[in-house]
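Working notes, beginning with the structure itself.
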Amino acid sequence: MTTPALLPLSGRRIPTLSPGAASFPHHRATLRLSEKFILLLILSAFITLCFGAFFFLPDNSKHKRFDLGLEDVLIPHSAPSPPDHKPQRGRDLMEEEESLRDKIRVDHERALQEAKEKLRKSRDELRAEIQTEKSKVVEDLKKKKEVPKPLPPVPMPKVVGVNDGDPVEPDVKEKRDKIREMMKHAWDSYRQYGWGHNELKPLAKKGHSTNIFGNSQMGATIVDALDSLYMMGLHDEFKDGQEWIEQNLDFSVNAEVSVFEVNIRFIGGLLAAYYLSGQEVFKVKAVQLAEKLLPAFNTPTGIPWAMVNLKSGVGRNWGWASAGSSILAEFGTLHMEFVHLTYLTGNPAYYQKVMHIRKLLAKMDRPNGLYPNYLNPRTGRWGQHHTSVGGLGDSFYEYLLKAWLMSDKTDTEARKTYDDAIEAIERHLIRKSNGGLTFIGEWKNGHLERKMGHLTCFAGGMFALGADGSPDDKAGHYLQLGAEIAHTCHESYDRTVLKLGPEAFKFDSGLEAVAVRQNEKYYILRPEVIETYWYMWRFTHDPKYRQWGWEAAQAIDKYCRVSGGFSGVKDVYSSNPTYDDVQQSFFLAETLKYLYLLFSSDDLMPLESWVFNTEAHPLPVLHLANFTLPGSQAQR
Ligand code: DMJ
């Protein structure tokens, strides 16, 4: 019979033998026997070799390992000393070798034992074991991700007046309750329709985002709103936001974001939430995010790019900015948050980055003592000579003053830079209109544009805040200037149909604080006018500021409130306005917070202890006279 022979020789299939070969069965059996013999011989030779190698190969313990990246190279420490010269050392070496051999033997036996046990197990048992090990690794990885690295402990600054602030007057209390109700409506709507998105479309009732957040869902409204919720005593909502942040806020995303916006809203918001609540998670997230912003500073001058990709670290500037420039109000509005980051982490990098910007600016020539809004980060030269206390320039001046306040007035360099800048602004940009309204215009290539933006209205509050400590005892003058700006901005509201301020207004050709162009007539829930009312109220207690604030609150509630939240309006001069369908995150961070503070007593967030960043996130005053910031000595 010609049986097909399939011999398991070295695992290879042997082709079916020819009928001729089938007639030599004895020969085949002999072949199998000799093959087995050869195999046995090879195996025993191999075992002998291993055994010999184990005892006679050079001892690795006498070699230093040099990791050259590609492979390990063994280099002897030194030639072994002849035993007759150092007999004790020779004995020591032998003992060392012996104990090493014992250890290897034990390890070897244990490994063999484990292998044997494994072989005894069934396939299913092995599979189950592998599965358990796999899940353990996944769990461990998860835990590693979740458990944040602890940061070094630092003295916690004094945290005072973070809640209550109940006003004694019942009518004021009623107004404050109304503001809290508006906050609840804005938050609940976002919670219901836009949760996790950056912002809310209150009419479409869905999430919204803009390019400043890089179109990734980073929950900007949650982060921006946290401290307002906390101050207003909305603790369940705060907890809800905190949970979202713990579980979802992740910065390892491929998103190109605005360095400035992310700093003022996210880092500022997280730091404030940390200081108010003491919850570590906010500090850890702020630091994680700040790390992602640092590559933006990798420019030839150290002036950061406007945008950075959080994943790749690649930065660039806005296409619309003059000559590829970075923007003064963007790279000049990092100081407060970055000083706090260094304070909390002990990492000098943050502080050094912002101090480098300050030093670089100090060395530059300034046309008429003014700071142009554009600076090229490659060449270190100014772009277009356009100076503004509104958009593109505003918070640069604000942060000079606040750097001084936040340092417990020890950063006198910042105060001096602020004073000099304000002096030039007063000389060249501040004028009185024919109708007697004080306004701050914009300087464009040697020409004053008699136009003021809604954004510029924050300056009233800034002048009042900086009055104390101004040079030549001009405190009264600056408080008066703050009052005049507040009045002008109130007029810009009062001269509209909706009693809400336009984006920009003119003081030209008979026009007094009114918008002309259609694209300047919108109101997008901005805070600056109310912000100035609040500072003026704190410094003067003139009841008109509460009155003006209440007018604005009522107008917002009447014209901007919809069932799905609050929306901006496109034309404040139209009795039948259309909505822009965006609930801006700064409405919850700033507008409603400043209104709430306006109707609270002064012991809520006292200005001696807190400094508000440009997005209204409060940061505590650091007593830097008693504390040296890491990296600060190297700078001086
Ligand atoms: C806010 O994001 C900040 O106040 C910023 O400084 C400029 N203005 C917007 C709101 O109007």
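Just so it is clear, glycine is given a Cβ too, placed from its N, Cα and C backbone atoms.
Looking at 120-145, 146-171, 432-457, the range tied to region 'Disordered' in TrEMBL is 146-171. Screening the recorded positions Glu261, Cys457, Cys489, Glu503, Thr614 for a C-beta under 6 A from any atom of ligand 1 leaves Thr614. Listed in sequence order, the recorded positions near Cys489 (disulfide bond) (C-alpha within 10 Å of its C-alpha) are Glu528, out of Glu261, Asp394, Glu528, Thr614. Between the CA atoms of Glu503 (active site, proton donor) and Cys457 (disulfide bond) there is a gap of 10 Å, rounded to the nearest whole number.
Among the recorded positions Glu261, Asp394, Cys457, the ones whose Cα sits within 10 Å of the Cα of Glu528 (active site) are Cys457.
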